[in-house]
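Since the structure comes first, as structure tokens, the remarks are kept for the end.
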Amino acid sequence: MTEQKKINLLDLNREGMRELFASFGEKPFRSDQVMKWIYHFGVDNFDDMSNVNKKLKEKLKAECEIVAPEISVRQQAKDGTIKYALVLEGGQEVEAVWIPEKERATLCVSSQVGCALECTFCSTAQQGFNRNLKVSEIIGQVWRVAKDIGLDGHSEKRPVTNVVMMGMGEPLLNVKNVVPAMELMLDDWGFGLSKRRVTLSTSGVVPALDLLKEKIDVALAISLHAPDNALRDILVPVNKKYPIEEFLAACRRYIDGSKANKDVTVEYVMLNGINDSTDQAHALVQTLKGTPCKVNLIPFNPFPGNEYTRSSNSRIDRFSKVLQAAGITCIVRRPRGDDIDAACGQLAGDVVDRTKRLAKKKMRDDNAIAVNIHQA
């Protein structure tokens, strides 16, 4: 007879926790007490929950567990940024990045093992795709890193003040698990972050963005990276299915009903000679007309096997000035953690690729070499 798998409490939002505790014959406040121990004090041992009665502790120990991904590698950059490799059930790894600043500490978390969207300038996309992360594996990144930095429930300084869903994967291809995880980030019995301090970034899965609007209100960022469909089709292939005009219309629908968003943050990676000319800056101004937004220009962060190069500071400056002259708030993002491959677009993890993307690429490359040799 196989042993029944225990319920991981990190997989449950407040509603799920209260339903579970009701099935134990317990009142909602008992569920809230346990959530406070987990998320405010970083406790994962039921015996350490001093205001939980012995009978309930025994029930919890018999049927439940609190299990987050484990840290396998912790790398600290010169600027204080820390990149974590976190081991999942089954042995695969995802990466999360903690970015300290004077008044806040932002954690970039992953939503999938790998990514299926194949954006050409992103290291994660080159790893292929394996699976969606569970709720416990998403919120568990926040829990594990906060605990590593110093989550104890006593310090006034929070180890994590902001969370951005900008790590490995496309969050809107995992709405089922991303939404409950973000609910735990926002919940007062969870991490208690404000709506404006939790940001979801998407490459443009339009139907899922409309679905998100009905489920949760958080800050929205979009991976645009091109001023027109012709170029974006190449850089961000999901654009072939959901072109820019449809994507931006969905963004407007989302922020129209949002209290967390007055505008959308547009992310634009600066690729030398690809998308960084002043003509393209003017085209971007036209594309963004009618969409309340601010633009983050992101200097490209190189990774092995990629042929793109970073735009020069002068090209980025000229591009930025065109946007600013048109009245668009524009920020050039300073690379953080690039000396440990923790910057935007550099996260890779350890992915068993179910899409066989790497194998197919190698086969194409090998075939191209064979053709060249034959023609020589």
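Going from the start of the chain as shown, residues are counted 1 onward.
Placement of Cβ uses the backbone N, Cα and C atoms for every residue, glycine included.
Glu95 (active site, proton acceptor) carries a strand DSSP state (E or B). The annotation active site, proton acceptor is assigned in Swiss-Prot to Glu95.
Here Swiss-Prot flags Cys344 as active site, S-methylcysteine intermediate.
Per Swiss-Prot, [4Fe-4S] cluster binding site is recorded for Cys115, Cys119, Cys122. Long-range Cβ neighbours of Cys119 ([4Fe-4S] cluster binding site) (same chain, at least 6 residues apart, Cβ-Cβ under 8 Å): Ala125, Ser203, Ser223, His225, Leu235, Val236, Pro237. In the three-state DSSP classification, Cys119 ([4Fe-4S] cluster binding site) falls within coil.
A coil conformation is recorded for Leu224 (S-adenosyl-L-methionine binding site) in the three-state DSSP classification, outside any helix or strand. For Gly169, Glu170, Ser201, Ser223, Leu224, His225, Asn301, the entry in Swiss-Prot reads S-adenosyl-L-methionine binding site, with the evidence type sequence analysis.
Cys108 (disulfide bond) falls within a strand segment according to DSSP. Annotation comment: Swiss-Prot describes Cys108-Cys344 as disulfide bond, evidence class sequence analysis.
Here Swiss-Prot flags 101-339 as domain 'Radical SAM core'.
Mean model confidence for the domain 'Radical SAM core' (101-339) is a pLDDT of 94.
You'll find the Cα of Ser201 (S-adenosyl-L-methionine binding site) roughly 11 Å from the Cα of Cys108 (disulfide bond).
Take the Cα of Gly169 (S-adenosyl-L-methionine binding site) and measure to each of the recorded positions Glu95, Cys108, Cys115, Cys122: the nearest one is Cys115. Put simply, the two farthest-apart Cα atoms among Gly169, Glu170, Ser201, Ser223, Leu224, His225, Asn301, the recorded binders of S-adenosyl-L-methionine, are 19 Å from each other.
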